[in-house]
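J.: Mind having a look at this structure? Questions to follow.
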């Protein structure tokens, strides 16, 4: 009887069918750039000051500048304060008394804020995300990142339950509806709620696209195909720069960025299901039809005899999260990878969310960030082949951290230098993230691989949630976030020196393979009973084609 991997080898690892699928899976990744990073351009800094009703309603014949002078104090730089106003004088006060600043006690704004009249409506302006509400800008990003975590937890099982195709269709539809609804909210609280739901859907289709590619593309091209699909996020960031530059009204920007999602209805007719998943559900005939279709598209038709021999592959049971900490070697690997994934997310998103803080034009910086991320992802594949996984991971993380540390000592009047350092950091962080996916999968043995990937991915999402909150520490000292974003990747990178190299090695199946440091034997299709006992569990071999991929 032929196993699925043998049949797919006859179909071809990366023929025309898989190329088309990779392109299709790249579209949601392309659109994800807007959903994740679009808000950065909706809350740009702009001048504002307290709206002082008593001056506006007074009968004094004063110019706008004079009204501002008697109602708003100046800061140390001589500019009007953004969050303070003079306490309103008594009704009996004369204009002379007011102009002489006899009533110069200050208070917080109590009637809202005034913004430049010639500026398009921004999210910050409409919902007054300033002064005591300014932290909501960063908090909303944490809410979105929390939605990504919840979405991974929810849609992972859904993807395994109803299939990759219907799950992806549902996630794309949910993304389009919630993102479009966000453009019409009347309160910031509703905006946050919809952004959370949008993030859960985003996490779902980012997961489903990777799973579909991994289950259709053969092993010789799988890494390149996944990287190619993920690189569309970088392309989306570049397009976002131009879109945000041309559309400054936040509601119109939201609608414009969402509209392409609604055009993906054609996925209903062209998106294939995963034959691996169909086999796992006992739907063998449907799987055979799909595999034969792919073979015909690739110009490599299969014989009916070979298809009729198609059976699910036998694998052993997977462990749970606690099993990762029972074995000394697995415990060390797991703890280091938790740190690596946490820092990967922390550094990558910190640079992306601070795109406007490096001194140069935010739109130009965003364009450059997207442009360097794409080669960063592809060059990481070359680095892994030349330097090995361990040293590639160590070097990219350390380089990203060093860039942050250097930025601390660069004067603010050298924005070009700061931006160049940030761009190098962005390149390194994108490469580090890509390497982590490959390296982590190779470090965990088969019996515990998916559980390990799921656990470290949780900490990656936690890193994303914490990132905007760390950025809030700049209100105490501007260097605090930079020190954190710089020191943690250096530390995590150095920890990678304690990990084994996996370049050129066959994936390990069992704990015995791991302990002996030998490639897994080709005759093994399932873990031995003693391996499961070493994990503190025993179980008989069962049939399982597709393991859960929650993250």
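Glycine is treated like the rest: Cβ placed from N, Cα and C.
Sharing the record's features from Swiss-Prot:
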type	residues	note
TOPO_DOM	1-22	topological domain 'Cytoplasmic'
TRANSMEM	23-43	transmembrane segment
TOPO_DOM	44-142	topological domain 'Extracellular'
CARBOHYD	57	N-linked glycosylation site
CARBOHYD	61	N-linked glycosylation site
CARBOHYD	74	N-linked glycosylation site
CARBOHYD	104	N-linked glycosylation site
TRANSMEM	143-163	transmembrane segment
TOPO_DOM	164-167	topological domain 'Cytoplasmic'
TRANSMEM	168-188	transmembrane segment
TOPO_DOM	189-195	topological domain 'Extracellular'
TRANSMEM	196-216	transmembrane segment
TOPO_DOM	217-224	topological domain 'Cytoplasmic'
TRANSMEM	225-245	transmembrane segment
TOPO_DOM	246-251	topological domain 'Extracellular'
TRANSMEM	252-272	transmembrane segment
TOPO_DOM	273-332	topological domain 'Cytoplasmic'
TRANSMEM	333-353	transmembrane segment
TRANSMEM	355-375	transmembrane segment
TOPO_DOM	376-404	topological domain 'Cytoplasmic'
TRANSMEM	405-425	transmembrane segment
TRANSMEM	428-448	transmembrane segment
TOPO_DOM	449-452	topological domain 'Cytoplasmic'
TRANSMEM	453-473	transmembrane segment
TOPO_DOM	474-478	topological domain 'Extracellular'
TRANSMEM	479-499	transmembrane segment
TOPO_DOM	500-551	topological domain 'Cytoplasmic'
J.: Do the transmembrane segment (428-448) and the transmembrane segment (143-163) come close, with at least three CB pairs under 8 A (pairs 6 or more apart in sequence)?
T.: no
J.: What's the CA to CA span in angstrom from residue 74 (N-linked glycosylation site) over to residue 104 (N-linked glycosylation site)?
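T.: Answer for this pair: 11 Å between alpha carbons.
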J.: Considering only the recorded stretches 355-375, 453-473, 479-499, state which has the highest number of Cβ pairs under 8 Å to the transmembrane segment (225-245).
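T.: Answer, by Cβ pair count: 355-375.
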J.: Please determine whether the transmembrane segment (405-425) and the transmembrane segment (453-473) are in contact (criterion: at least three Cβ-Cβ distances under 8 Å, sequence separation 6 or more).
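T.: No; fewer than 3 Cβ pairs under 8 Å.
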J.: Going along the chain, which residues at least six beyond the ends of the topological domain 'Cytoplasmic' (164-167) come within the CB cut-off of under 8 Å?
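T.: Apart from its flanks, the topological domain 'Cytoplasmic' (164-167) reaches 155, 158, 204, 208, 211-212, 215, 271-274, 277.
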J.: If I take the alpha carbons of residue 104 (N-linked glycosylation site) and residue 61 (N-linked glycosylation site), what is the distance between them in whole Å?
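T.: Taking the Cα atoms only, residue 104 (N-linked glycosylation site) lies 21 Å from residue 61 (N-linked glycosylation site).
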J.: Just to confirm: which same-chain residues, 6+ apart in sequence, have a Cβ under 8 Å from the Cβ of residue 61 (N-linked glycosylation site)?
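T.: When sequence neighbours closer than 6 are ignored, residue 61 (N-linked glycosylation site) has nothing within Cβ distance under 8 Å.
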J.: Residue list, the topological domain 'Cytoplasmic' (376-404) vs rest of chain: Cβ under 8 Å, 6 or more residues beyond ends.
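T.: Residues packing against the topological domain 'Cytoplasmic' (376-404) from afar: 223-224, 227, 230-231, 234, 340, 343-344, 347, 421-422, 424-432, 434-436, 438-439, 442, 482, 485-494, 496-497, 499-503.
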